[in-house]
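Visitor: Before I ask anything, here is the structure I am working with.
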Amino acid sequence: MDLINGMGTSPGYWRTPREPGNDHRRARLDVMAQRIVITGAGGMVGRVLADQAAAKGHTVLALTSSQCDITDEDAVRRFVANGDVVINCAAYTQVDKAEDEPERAHAVNAVGPGNLAKACAAVDAGLIHISTDYVFGAVDRDTPYEVDDETGPVNIYGRTKLAGEQAVLAAKPDAYVVRTAWVYRGGDGSDFVATMRRLAAGDGAIDVVADQVGSPTYTGDLVGALLQIVDGGVEPGILHAANAGVASRFDQARATFEAVGADPERVRPCGSDRHPRPAPRPSYTVLSSQRSAQAGLTPLRDWREALQDAVAAVVGATTDGPLPSTP
């Protein structure tokens, strides 16, 4: 297995580069070992994905956003050139800041994925693009969203991610668009579970919104779904990959306190108006995996079980030293 860091590489970065003009590229993701290009590999999902893909025997080129700016068409074509499959983890994820930087958010979340899709189509490489539950939310509902339900983002971040989905599928109809939600690792980063762990270690009560409901998703489980797609047997198109069940942020916070042995009664419910933000948040974006399962993607386990394992993994890792921070 090879894990190749993109830093300092040139167009000849593969350990076993393909000869110019060969015809062995594969858009179908049904072979055991693949050459995987990961964009946005410096982020929470990208880091775990790079490690797990290499552990499964794939040759991996892990590119941070500074090493491959997906808004740069030339850079994208250069790095995609010899890959069997590209997994796009690069995104503008600062939901509130996107309200003040809509052009930048659109460039990264819509133009960039379109560039990747066009480059992959040109060389017959597979493409897996990660999207979000925030493409939904404008409709008042309380039942999980299926892949073909009407979209309706309520903020600029969600609108740019929806535009990215459309750009990907327009340029490469056989791409995989994988929507996920409320992703966390729980270590030393700034995700919701990591934040709740830090607050649980302190004293006093905290107020957490109970009127935002979604699908908390553990990074490790999401990565498993992405690698299942690489392994083959999943139909292309839009898929949902989120841990099963329904949770509010309040529910997720209480469960995190319980998992670390803190008193969950310290977590108190409140409304979103208690914590006003520049970008509106959707009240309900639970993702259903039913159609995705029919397409061949194994549904992810219940969010509470995943959260317990995530916290246990963090505790085990910190016994020997802290986890790397995740931006």
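Placement of Cβ uses the backbone N, Cα and C atoms for every residue, glycine included.
What Swiss-Prot records for this protein is below:
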type	residues	note
REGION	1-22	region 'Disordered'
BINDING	Gly43, Met44, Val45, Asp69, Ile70, Ala91, Tyr92, Thr93, Tyr157, Lys161	NADH binding site
BINDING	Met44, Val45, Asp69, Ile70, Ala91, Tyr92, Thr93, Tyr157, Lys161	NADPH binding site
BINDING	Thr132, Asp133, Trp182	dTDP-beta-L-rhamnose binding site
ACT_SITE	Tyr157	active site, proton donor/acceptor
REGION	264-292	region 'Disordered'
COMPBIAS	264-276	compositional bias 'Basic and acidic residues'
Visitor: Taking just the CA atoms, what is the gap between Lys161 (NADPH binding site) and Thr132 (dTDP-beta-L-rhamnose binding site) in Å?
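Guide: The separation of the Cα atoms works out to 7 Å.
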Visitor: Could you tell me what the rest of the chain brings near the compositional bias 'Basic and acidic residues' (264-276), counting residues at least six beyond its ends with Cβ under 8 Å?
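Guide: For the compositional bias 'Basic and acidic residues' (264-276), the nonlocal Cβ contacts are 200, 204-212, 248, 250, 253-255, 257-258, 283.
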Visitor: Would you give the longest CA-CA distance, in whole angstrom, between residues of Met44, Val45, Asp69, Ile70, Ala91, Tyr92, Thr93, Tyr157, Lys161, the set recorded as binding NADPH?
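Guide: Max Cα-Cα spread across the NADPH binders: 19 Å.
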Visitor: Helix, strand, coil residue numbers for the compositional bias 'Basic and acidic residues' (264-276) per DSSP?
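Guide: Helix (H, G, I), strand (E, B), coil: 6 helix, 4 strand, 3 coil.
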Visitor: Given the recorded dTDP-beta-L-rhamnose site (Thr132, Asp133, Trp182), which additional residues of the same chain have their Cβ within 8 Å of the Cβ centre, ordered by sequence?
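Guide: Not counting the recorded site residues, we get Tyr134, Arg179, Thr180, Ala181, Val183, Gly214, Ser215, Thr217, Ala242, Thr285, Leu287.
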Visitor: Which of the binding-site residues Ile70, Tyr92, Tyr157 has its Cα closest in space to the Cα of Met44 (NADPH binding site)?
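Guide: When the Cα distances are compared, Tyr92 comes out closest.
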Visitor: Taking just the CA atoms, what is the gap between Ala91 (NADPH binding site) and Val45 (NADH binding site) in Å?
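Guide: The separation of the Cα atoms works out to 11 Å.
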Visitor: Let me spell it out: for each of the binding-site residues (Thr93, Thr132), count the other Cβ atoms within 10 Å of that residue's Cβ, using every protein chain shown. Which one has the most?
Guide: Thr132
Visitor: Using a 10 Å cut-off, grab the number of neighbouring Cβ atoms around the Cβ of Met44 (NADPH binding site), all chains included.
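Guide: Taking every protein chain into account, the count is 23.
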Visitor: Could you tell me the C-alpha distance between Asp133 (dTDP-beta-L-rhamnose binding site) and Tyr157 (NADH binding site) in angstrom, no decimals?
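Guide: Their Cα atoms are separated by 11 Å.
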Visitor: Taking DSSP three-state, what's Lys161 (NADPH binding site) in: helix, strand or coil?
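Guide: The residue in question, Lys161 (NADPH binding site), is helix (DSSP, three-state).
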Visitor: Let me know the DSSP-derived helix, strand or coil state of Val45 (NADH binding site), please.
Guide: helix
